[in-house]
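Quick notes on the structure that follows.
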Amino acid sequence: MRVLYIHAERFTWDVKDPASDIRDEPISGKANNALVIFATVERGDIPDEGFLRQIARDIIDVANKVKASSIVIYPYAHLSSELARPYVAREVLNKLYEVVKSEFHGEVYKAPFGYYKAFEIKCFGHPLSELSRSFKPEGAKVEKKVEERRDVYIVLTPSGEEYNPADFNYDKFEDLKALVDKEVFKKELSGGSEPRYLDYLRKFGFEWESMSDVGHMRYAPEATIMIELVEDYAYMVAKSLGIPVFKIRGTNMFKLSETAIESHARLFGERLYVVESDTDLILRYAACFQQFAMVKDWVISYKHLPFGVIEIADSYRHEQPGETVLLFRLRRFFMPDLHIFTRDMAEAIDISFKLHEVIFREIEKLGRTYVSLYNVTEEFYKEYKNYLIELAKREGKPILVRILPGQKYYWVLNVEFHIIDELGRPREIATFQIDIGNAKRFGIKYVDENNQVRYPVIIHTAILGSVERYLYVVFDTMAKAEKAGKIPRLPTWLSPVQVRIIPITRDNLKYAVEIADKLETEGIRVDIDDRDETLSKKIRDAEVSWIPYICVVGSKEETEGVLSVRERGGGQYKTTPEELIKKIKEETRGYPNRPLYMPRFLSQRPSRG
């Protein structure tokens with residue numbers, strides 16, 4: 001922050017036109033015998049207590065030396081070319097004003113932020129009447145309050161016993177130990193080598209986009225099919241909760257000048273993705289903004305509750321460049337974000353039991369399970385400890401609980417569901433939160449049975465996790481299988497190509513096309529390897545591509561009306577097209593379907609570099 005101090009005999013300011021979407025109330029004012037602080041908030045300045053107290057002490061010290069009876073903090077954007085974002089600058093100046101006001105024995109004023117203003121000043125002209133200063137956040141020391149309390153971690157068992165994580169016996173709970181080591185003891189669990197799943201991603205076209213920002217991906221046709229199938233499946237799973245669900249779409253940019261957006265965004269901190277524009281915009285980091293902005297305009301009765309709203313939100317988080325991980329930690333990703341609006345805490349808790357069941361059901365379909373971290377406020381833990389014990393019972397194992405003193409966030413409960421990956425690292429996938437703050441923040445209301453206006457309790461959840469993280473689990477599961485000596489095989493519903501037909505000669509191509517037509521009519525993704533390659537190479541390429549069903553057809557198969565099938569991980573056999581269709585339909589029942597996003601014939605596809 002750069003500041004110019006002027007000790008003024010008289011200072012007046014008159015508010016004119018708005019200069020920013022982010023602004024205070026337009027209040028004009030005047031002060032006599034005032035130390036006027038022309039303050040420019042710079043990039044990197046933060047509303048940190050230690051930083052602001054450092055500045056406040058200097059201001060008050062100068063004010064006392066010149067015997068000023070008042071102080072005026074005047075937002076002034078002309079002392080630096082490296083300006084902070086308006087929403088940051090306003091917050092810094094507002095908090096600086098509060099600190100100075102609490103410590104100075106005189107009048108303290110602040111001219112409004114975000115306006116063009118006319119001012120008149122009469123400087124005393126003595127040696128200390130004009131001074132300049134520059135302050136940097138890194139030079140400030142945060143003063144710890146004696147009464148400040150730290151988070152507390154406990155291991156809570158299904159029988160209700162509480163343990164200090166350092167004293168718990170983890171012999172039968174290796175996954176919990178990995179989570180505790182990371183969350184409680186802050187041990188770096190790097191895994192020691194490059195994860196195997198990265199090799200698989202190249203096979204299916206999940207790649208970094210080098211011509212974009214760090215942490216942005218691109219998706220080849222095979223990857224695109226998989227991404228969109230998971231998006232479809234997330235909606236199906238949301239509807240399985242047994243409550244009405246509305247699917248919406250919206251924008252990914254929101255104005256920081258909106259009070260609700262700014263206050264919610266402030267909780268997210270430095271990972272905000274800010275867009276350079278004529279107004280301050282942020283890219284959303286989940287679907288919350290759009291869903292809440294829409295639902296606030298709905299007329300809701302208690303009879304409508306509970307209901308859910310879901311959007312597959314393209315979400316943005318400004319992760320550090322060295323922290324981005326392909327398909328896991330990204331700056332841009334797709335989040336199937338479901339918000340469930342409930343009457344009160346009792347109804348939210350009741351619905352959360354079904355939600356918890358579905359979250360575990362879906363991970364178990366992939367052959368995995370979760371180890372759970374329950375972040376709770378101290379008040380919630382005291383009142384609802386038995387609720388957490390019941391969830392631990394349903395998981396059938398101890399859970400890690402982090403108890404936070406005070407109400408720091410909009411939620412009272414934030415559950416993180418982790419897998420332990422191939423390299424032994426906890427990886428957060430699914431989540432749900434119970435939110436008591438955002439309905440009021442965004443003005444979302446309903447009318448109860450007594451005609452009283454109330455704010456709903458909102459559940460936030462990503463049942464599958466983000467689309468990319470769900471696929472991360474799929475590929476990590478394949479890595480574990482291969483590590484155990486098994487042949488990795490994608491779920492049939494997720495396989496970009498479910499059947500590949502390989503004609504032995506050009507004479508068999510017509511029969512291959514007839515079979516492909518029949519399979520495609522039944523909603524099966526099928527392609528034909530019509531390249532001028534040897535049969536062994538075609539089979540090998542199909543196996544490298546993890547095609548679940550490779551069907552070789554020659555004159556004998558054509559005469560008999562059958563297929564010679566090589567099933568991935570399932571041996572070789574002959575079957576009719578009808579039996580193969582029946583088998584695949586059985587494997588994909590209950591899952592979404594998408595067509596092939598590539599030409600049917602391999603000869604028409606360019607190879608990827």
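Cβ coordinates are placed from backbone N, Cα and C, and glycine is handled just like the others.
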Zn(2+) site partner of Cys288, His460 (as recorded in Swiss-Prot), chosen from His304, His318, His339, His418: His339
Among His339, His460 [binding-site residues], residue with fewest other Cβ within 10 Å: His460
Helix, strand or coil at His339 (Zn(2+) binding site) [DSSP, three-state]: strand
Protein Cβ atoms within 10 Å of Cys288 (Zn(2+) binding site), excluding its own: 24
